[in-house]
């Protein structure tokens, strides 16, 4: 069994190495026809740029994106500079150099990778999946009897912020940086999943498709790990199945197929304000121009946020979304599960959390207000502030850096819910409802708590669960996503997630169960 | 300002300090030689097993003490001079008090076994013991086998700890079945099976005779009263605990096995109190033992004493007995009294149900004539404390408990329920015709 595990690890690492090497490999040669198509498609009016590409790129072979990308970027920069100098603003190209390089790369990939998509997919994704499963599946036997399986979590370099954790951190952060800021280096990855994309949407894959496919793959493999680790805990099994289903079907398959059916790309479970660009002008215009389905999506999106989300939170707590449906939560609960113990439980972190998450919510609401104002009044500024630049700032700082690079990249260091805890505006909104008007609570079982601290340690949202449990107090916190792990790891059966009557949800703790005092006596003496 | 000095920073002492601070402005000092800050003793095992780091066992952040003006003094109290109201600390320092709370807890029992003080022989109680076990048994290469002496709660926890590092464990238990002085036989047998499932070499009805040293004064083997010699590197002594009160021998404070206290937790000397594991009631309260070495009773004594010290005299009066533990993977809870066959009284009858394949069972005890419900043990099913507390107060009969068992279930959502199976066995054993009542939030939250 151990041997299978080790072999699996080796196979996984080979797959990972291939995946990591692919971005800088491959050959690109742009022919005249393809370039003319690009010019037409992108409506490029810069003769300087066209000429420069014709001279320096067309008909030549480029070895790897490291040589192609700078050539295109510098041609584009030079062209734009000249046009700006000459005030030929209609000729300026507003696509970034990186996006242009990605576009050219996608259409001009000729080497081994683009010609052997299936093989390359197998060598990267395939080996990764097989290796990971070989590493994970023996746990059915190795982990022994069912029960809590946290032995050695703090002895293992991978889960105790050791060197493995730091390597994972570097890998994840680099991956997100490429995805958001250097898409041209993701071009070769897109080739690997082209066949899958074509079979779903009919289009070749872009780098966001790579991300979506990878997201589903990683979640599926790590869900297998969850199933094995928590096989004694039906709540965890059902919940894991739910997040996996919503990710694969709602976030991945349905939107891709909608594209095939000429409908807008839309994830029906992605609620505003997590889906922060729902009200952006381009999206509203696309929806309004998409006929019945567009209108339906528009109404659905609004009803989802204003009615469905809060009503469900009232009945079930925000867990119905955050740990049963949401994609960010889904990744956190599968890939992120080995890191859940790293969320800081200090009071300081809680203070930071409240400022940050509510700050982001405020930011999202103000931005959306400006967006709608601009949409209806058709003015691009409010009080001299450009709506577009506010949107761009949000997209960059919150959408890309906070949610992506920090939110996931920092899993091995700060725990698996960095984004959900400190940044997600939807979580902040759900939190208000959960805290003030909900039937959900984690009930503390009388006086049984022994203050051991397992619940707090394994709370991914950094809630000091023990602080409540040892006082016999129920846990009613806006940030709780209801993952149920505190209850699972409790050795004394103290915690239970439940939806019950609102009355008595926040229980009095003047006297802890067990100490038999005359209550009236106590009240009278006060 | 009155100066309250507390010896011991465990759950009892710290609870007392916190509540005194809540109720008053008195000066509070906690003296401890064990650790700088309060930690949860019950969680030490999880540090060795790698579930947590030591810092996670500390329920309060380090700034908490200063903010609440609770002074922490690291030091070992060697004597109490109650006439001068002064503590003598090791290295000769003195500390004056106005009121003194003794909350020094327990220490592991040693019964005079030959070799009991050798290197590699230890208990599992203090932070120092945790450091020792980490040094003595870091892995299975350094520790080829450990022998644990004493089949109680700490013994089985120590076995679980060592097994988490794949260290072979031999477990010597005096009784003919694990913990059957406390547990009824059905349950005790189930735990025996579970111990074996975890590849622990369980030796029942076996006692330690001698621990044999190697040339460096380290334990290298033990012999048993069955004539066996077992080679090992570590010997865990877990045959219960005893109040940690040696330093009080000549203090004039009345001592039994522990520090003798009345229901107000007062000793025979004015302004000196004792709480927690080290306190011994003059007369046992109900079915409880005079010395209760249990986490929550320490906490409750701390709460009660804080009231007394702050001018609202309150007796220590624990309500219905409850407790919990975990035997490897099996959670155990108990509410009310369920005695083992060895210690139960004539009027106590048991109803026992065990799952056909899983390690899940319950035992409910009742008065054989009146059918009054006396208590329940549950293994592998969590129960709601509040509900059982209420049923015990209301003196319900066992039929009622069986019918409304769903109200008391505290397992996580989506777990299998066994109430139907339980009641059908109950009906066949008791010749009744009861049916399971649906769970009712209204009943659960009604304040009777």
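Every residue gets a Cβ built from N, Cα and C, even glycine.
Because TrEMBL annotations are produced automatically, they should be read as predictions rather than curated entries.
Going by TrEMBL, these are the annotated features:
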type	residues	note
DOMAIN	A:440-468	domain '4Fe-4S ferredoxin-type'
DOMAIN	A:471-500	domain '4Fe-4S ferredoxin-type'
TRANSMEM	A:119-142	transmembrane segment
TRANSMEM	A:163-181	transmembrane segment
TRANSMEM	A:208-228	transmembrane segment
TRANSMEM	A:240-259	transmembrane segment
TRANSMEM	A:293-316	transmembrane segment
TRANSMEM	A:355-376	transmembrane segment
TRANSMEM	A:396-414	transmembrane segment
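Stretch with the largest number of CB pairs closer than 8 A to the transmembrane segment (A:396-414), among A:119-142, A:163-181, A:208-228, A:355-376: A:163-181.
Contact between the transmembrane segment (A:208-228) and the transmembrane segment (A:355-376) is not supported, since fewer than 3 Cβ pairs fall under 8 Å when only residues 6 or more apart in sequence are counted. Using a Cβ-Cβ cut-off under 8 Å and counting only residues 6 or more beyond its ends in the same chain, the transmembrane segment (A:355-376) has close neighbours at 272-273, 276, 279-281, 284, 382, 385, 387, 390-391, 394, 398, 402, 421-425, 427-429, 431, 479. The predicted model assigns the domain '4Fe-4S ferredoxin-type' (A:440-468) a mean pLDDT of 95.
Shown for the domain '4Fe-4S ferredoxin-type' (A:471-500): DSSP residue counts in helix, strand and coil, namely 5 helix, 6 strand, 19 coil.
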